[in-house]
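Here the structure is laid out as structure tokens; the discussion comes afterwards.
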């Protein structure tokens, strides 16, 4: 009996600080073990280029991601682990901050564990956001810090002295500025904040005080590198984001379904439904948090959830968006779902939440196994058209090839082997081959990383890319180069570039990449002999 009691107590102790610690530390160690075992993703290679071209900001993102990758490579070298080192570290920090927020809202170890279980079960967070180095990683940390400070201070603000209010709003402004230096999505923080101040009668008088506005000014001041870079480059990044994030407004069913299905896949189907359901329940029934007199904290979390979800999905109705853009809304909403799970002892939220966590964790594990073991081999073709006929053959089926890039894990393999192949062919000798080129910036980024040629890689296309701010292509006039495209973005430079751009372009045999015996991707390599002149005016922006 005694031994049984000890076992029961030991098991129960996991629903406490020990369980929280395990749920944060063990996955972090696993992620640190994994992050150096596969090639960089397209976006990660692009942010590597930020690290080796330090600047006040960049064409498509602010500087924070470049600073972090630069520090990671300084510690661990120019390799996949060095580039990704801060991804699991920042996710661990975000998990800790989220746990503090959870404890403040609902002081129960069971609730904190539920929040962390949901966080790790959502593939968007537990897999992508914790192993890949993206601007969303530091943004998540500053977003959660902002929410933590705001929740802690909002009830005390009306009673604080002027000095206390100034301190709180300065801290919030600082966090906003750091978030804005991470990703443009941070512009939602002041919009949500002022929306809460305007909507809540008890807080509305603060809008007549100077401190919230001073905090906004502090944030914009801290983000000065972003504004300075845009000032010296004629607002290039602001204009790009306006086109990229808003662009033309016209409804498209295909883009709409891609937006919705993409988010369902990133969050996992059951949890996606439950997160949206939790929003409706809280809107209808009020705060799910105990000791939340007046429901203010519940409404604040609701604002931080709805803000990104409503904004980006509203934009997505008329302009294509990427599925991860509303991610911070889902992140904040985890707090609501976990609270409803805790309260609904007999309700439907408990069994469905358990099922959602199991499905999300299973999806995450499946992707990890696909990355490491390549367990699932896609069929070579799928039926595109099926028709019943009155005569033999009674069933007519037309097939279409399955593109290899449908398996998105294939994007994480190939460039390392391509670099070895080019070296074997003598195409890394910089005396003979002065530069590398591609028509797609993601391909150019990967070439730059794996060929150790960030200052000799171009993206010669008609439109503006980040490469136009780095290496002036005019320095390679008269020199030879190597052009690479992939089967995902296949391009023949002989049709891309106007006649006379190069003295000669020679196609090499395609280089195929195999994973566990089956074809994963194909590289098309061309020798660019003698750059005669620039096909378009590229490089005039490079400093």
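Positions of Cβ are set from backbone N, Cα and C atoms, glycine also.
In TrEMBL, the annotation transmembrane segment applies to 300-321, one of the ranges 234-255, 300-321. Highest Cβ contact count with the transmembrane segment (109-128) among the listed stretches 140-157, 169-198, 210-231, 256-280, 356-378 falls to 356-378 (criterion: pairs under 8 Å). In this chain, the transmembrane segment (300-321) does not touch the transmembrane segment (81-103); fewer than three CB pairs sit within less than 8 A of each other, excluding pairs fewer than 6 residues apart. Contact between the transmembrane segment (140-157) and the transmembrane segment (356-378) is not supported: fewer than 3 Cβ pairs lie under 8 Å, counting only residues 6 or more apart in sequence.
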